[in-house]
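For reference, the structure discussed in these notes is given below.
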Amino acid sequence: MAALDSLSLFTGLGLSEQKARETLKNTVLSAQLREAATQAQQTLGSSIDKATGTLLYGLASRLRDPRRLSFLVSYITSRKIHTETQLSAALEYVRSHPLDPINTEDFEQECGVGVVVTPEQIEEAVEAAINRHRAKLLVERYHFSMGLLMGEARAALKWADGKMIKHEVDMQVLHLLGPKTETDLEKKPKVAKARPEETDQRTAKDVVENGEVVVQTLSLMEQLRGEALKFHKPGENYKTPGYVTTPHTMDLLKQHLDITGGQVRTRFPPEPNGILHIGHAKAINFNFGYAKANNGICFLRFDDTNPEKEEAKFFTAIYDMVAWLGYTPYKVTYASDYFDQLYAWAVELIRRDQAYVCHQRGEELKGHNPLPSPWRDRPIEESLLLFEAMRKGKFAEGEATLRMKLVMEDGKMDPVAYRVKYTPHHRTGDTWCIYPTYDYTHCLCDSIEHITHSLCTKEFQARRSSYFWLCNALDVYCPVQWEYGRLNLHYAVVSKRKILQLVAAGAVRDWDDPRLFTLTALRRRGFPPEAINNFCARVGVTVAQTTMEPHLLEACVRDVLNDTAPRAMAVLEPLQVVITNFPATKALDIQVPNFPADETKGFHQVPFGSTVFIERMDFKEEPEPGYKRLAWGQPVGLRHTGYVIELQHVVKGPSGCVESLKVTCRRADAGEKPKAFIHWVSQPLTCEIRLYERLFQHKNPEDPAEVPGGFLSDLNPASLQVVEAALVDCSVALAKPFDKFQFERLGYFSVDPDSNQGQLVFNRTVTLKEDPGKV
């Protein structure tokens, strides 16, 4: 139908021309509305009143199953459904009863068909509602919430027409109160809401304080905003748009509920061929978090169907990272646990003429329009014999595959279900020489484990049709697959292949190099798991792909470490300072608070002797305007000591370089307060400190338009600076790998696993404040 004809058809339903044009832009909606209007005209003629047109538009815009369109249009045109309330009930009924035939008697009862609500009943219901609120209504008059009266009347008369209820409320209120006065016409003053008491479950909005991003945490339920809040209840899979039903669906769902008891079940299914990265953290939080928020369970299932790329170290590392983020799987499973069942189902698929053995080579299947398989229609018995021959090792790799008979969303035809691989499996050894593919394994493992919500990233959307098709082809329980947007970061690469290239090029040490965004790297750098979880919560779960700035993740890190990392003092570029009038014959013991803002968290003790070390940058012989630290005629305080030092003599070497300072000291309360207090160390430990910056110079190192030479050409030469002879106070002497500290005025640091009894090694996790140049 031409656009002008459709426009005329839609305006004939009572739509404004603007609304009709907007509707035409939505191809799915316009097609369904066109069909509904055409069917209605066959009964009512070309003239359709606006009330009926409104119902038809509501039907077309909200109906998920086009098979029910004619059925519902007939109820609208016959006036059996004549209110919005009835239409909503009808749509809910067909959504909850996806299989034929519809029980019309039950349907009509649920939708109020034939129920007549008289004006007298409406009058009585409104009168009863007004009487319940009469006293308050007389006081507040027209400032009273009339919606409350209409809501109570509607609750008493479910199938009453909403417009009639509103009209009756208006009439009775006017009769009780009389016409509106000038006071009634004044706007009701807004009452400021009382500020709720602070709780642990805060919102995830960013608060900017003094130019810094302060990130607040979220509860699990607050994380699951957006589309996730619309998820189906267990057993109501058929209510999900696009879910495919068969005559067996309802029986299978009943069996599913008998097994699970209506429990929410999710799974996190990584491939054990690499290390998890920040994007996986979102998937872990979503799957485990959604299950936990709904009192459900989450499986950790290793998709170990490609023995060529799997290594034992990856299984261990993945499990460790899940635990590190604070989650405990209900059960750890493996796709290989189900190899026998998967094989039996593959045989059954062939018997049902839904799969066949194919001899096209891998290169023949690549590209956008590969040739159809000449073996697609081979006899069932022949495919059964050949598939058994595949299992027995009678074909070389690439000579035969088992393919499923379906076309996927992206146009890919007949995806491979099994292929030959003569590689021993880490769990099953040489038992198998054929292995199932992801397209075949994923949905069936979900079915076996009775997963209720199969949560995947958007790249798997093209495989949703094969997911539903395969479960239904075998008549097994079919879970719901739901896709969400990936989480990516600027200035990062997370591809396993590209990380291996970085390692091979010597740009990073290994998968856990602190400049990477793998979870093992972030842990080594000192990122707390709570910060990563908070970051994932802040990002939320949406359908759109999300690319975030690293400084937002770092803000989450600061937020956690500020409350959890005890303070210590360290000097990166030491300058010796000798106090010539030190007030004691031996070092003083100074009590330093672990957390200056909360001294109830305890203290640690550091020595303060006649020789201390300060940062070289905290002294200048010729300071520029605004410089507040140590200089001639400008004393400075030493943090936590209660003392102020003043320059007495500068000791220089043969080259003129400052080697040490001689100063005098006085009590801080014995004179004018200095302009600044600096950190220091005395009788310190020598340590190595590694200072990290971004690994790449551009936001999108993989984008050829931004980095024509490829990501390896975009490496930041200053991404790592090693300070081999830094000094740190002795309070950290017993620190263990991954212990975290705030080195005052320097940043947050974590003990690196390279540390040994002879020397500690610290990684700078983040600076105290974000560098404005990075934001």
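Glycine residues also receive a Cβ, built from the backbone N, Cα and C atoms like all the rest.
Features as listed in Swiss-Prot:
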type    : residues                                   : note
MOD_RES : Ala2                                       : N-acetylalanine
MOD_RES : Ser70                                      : phosphoserine
MOTIF   : 270-280                                    : motif ''HIGH' region'
BINDING : 271-273, 277-283, Thr457, 486-487, 494-496 : ATP binding site
MOD_RES : Lys309                                     : N6-acetyllysine
MOTIF   : 493-497                                    : motif ''KMSKS' region'
MOD_RES : Ser495                                     : phosphoserine
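One residue stands out among the recorded positions His280, Lys282, Lys309 for having the most other Cβ atoms within 10 Å of its Cβ: Lys282. For Thr457 (ATP binding site) paired with Lys309 (N6-acetyllysine), the C-alpha to C-alpha distance reads 22 Å.
Put simply, of the binding-site residues Glu271, His280, Lys282, the one whose Cα is nearest the Cα of the residue listed as 'N6-acetyllysine' is Glu271. Between the CA atoms of Asn273 (ATP binding site) and Ser70 (phosphoserine) there is a gap of 51 Å, rounded to the nearest whole number. Counting only the Cα atoms, the space from Ile278 (ATP binding site) to Ser70 (phosphoserine) is about 49 angstrom. In the three-state DSSP assignment, the secondary structure recorded for His280 (ATP binding site) is helix.
Comparing the recorded positions Ser70, Glu271, Asn273, Ile278, Leu487 on other C-beta atoms within 10 angstroms of each C-beta gives the minimum for Ser70. When secondary structure is read from DSSP and collapsed to three states, Thr457 (ATP binding site) falls in the strand class. Listed binding-site residues: Thr457, Ser495; maximum Cβ neighbour count within 10 Å falls on Thr457. A distance of 50 Å separates the Cα atom of Ser495 (ATP binding site) from that of Ser70 (phosphoserine). The helix, strand and coil residue counts that DSSP assigns across the motif ''KMSKS' region' (493-497) are 2 helix, 0 strand, 3 coil. It is 45 Å from the Cα atom of His280 (ATP binding site) to that of Ser70 (phosphoserine). Ser70 (phosphoserine) carries a helical DSSP state (H, G or I).
If you take the Cα of Leu487 (ATP binding site) and the Cα of Ser70 (phosphoserine), they are about 42 angstrom apart, rounded to a whole number. Under the three-state DSSP scheme, Leu487 (ATP binding site) falls in the strand class.
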